[in-house]
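Straight from TrEMBL, the features:
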{"type": "DOMAIN", "residues": "2-165", "note": "domain 'PCI'"}
{"type": "REGION", "residues": "208-306", "note": "region 'Disordered'"}
{"type": "COMPBIAS", "residues": "213-227", "note": "compositional bias 'Basic and acidic residues'"}
{"type": "COMPBIAS", "residues": "256-265", "note": "compositional bias 'Acidic residues'"}
{"type": "COMPBIAS", "residues": "268-290", "note": "compositional bias 'Gly residues'"}
{"type": "COMPBIAS", "residues": "291-300", "note": "compositional bias 'Low complexity'"}
Amino acid sequence: MDQTRALNALAPYVALAKSANSSRAAADLVTQATSANNTYVFAELLQQPNVQALAGQEQYGAFHELLKVFAWGTWESYKATQGLPPLSDAQASKLRLLSLLAIAAQKPSTTAIETNLSYTALCARLDRESPIDLEHLVTQAIYNDLISATLNPAAQTVVITSVAPLRDLAPGSVADMIAELSAWSGRCDGVLADLEQEIAKVKWNAKRRHAREVKAEKQRAAAEGGEKSGTSGLSGILNESKGGRNLRGPAKKGEEDIEYEDAMELDGGSGTVGLGGGGKKRSAGGGGMSGALAGMMGKSSGNGGR
């Protein structure tokens, strides 16, 4: 339940308090407001002049004190204060619900997300005789949107996760509120500092990772360039080797032809012929076979002349 809904529920009683001309009417108005459904804040009613006029009166002053208990007190403070009017069942149930709000709002530690309240402690503080009565009260608070909680009968605990901001502030509680807000601000600053450290760490890791990637890319590019250069050098060596063999091939062949012709020339010069003049030594440009044929023809001509 939000405060707007609670204030709207109290608005009719605030309007009636402005027209309450007698102390008896103002006291009856206090009883009606504390017994009504959905009325969980009472500071505005308590500030009305006709209600404040009840304070200090012998007959109706207790109603003013009772309204203060409903505004920021608890069941324990009601039991500890002497001379207060007896409560009806509706008032007793309302005050127990308000007390449960106050107890649930007291976290055991500043870092706790949930508040675990034992059945035994709650029964003692709320004056409940059995766990079943306590579970009925907690269930009522949950359905009225006063708290968000779960019951754990096995562990005999009530797990509180959130509490509606419906209790009024007692006089002099501003200093406590400032201290609580300062503590909350300190926790927020600590969380922000932790987040900034995590962000800086993530950025630093990302920068290192990027540097490693750039370095690896350069090394890979250098390795690929080296492989290409080695392949080109090897191809040049192979081409040069082939070219050398091709250049040496014709020269060597020419040398072999010259040696062959010289051998044939020597063979042709050793044979002599008759009148045909075939026995002349062949010229350097003639082939060995040509000299031999010429010699044979000269010899044949000589025989025919005889």
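The backbone N, Cα and C atoms fix where each Cβ goes, and this holds for glycine too.
Note that this is a predicted model, so its numbers are computed, not measured.
Tertiary neighbourhood of the compositional bias 'Basic and acidic residues' (213-227): none, as no same-chain residue meets a CB-CB distance under 8 Å with a gap of 6+ residues from either end. Taken as a whole, the domain 'PCI' (2-165) shows an average pLDDT of 92 in this prediction. Across the range of the compositional bias 'Basic and acidic residues' (213-227), the DSSP-based residue counts are 15 helix, 0 strand, 0 coil.
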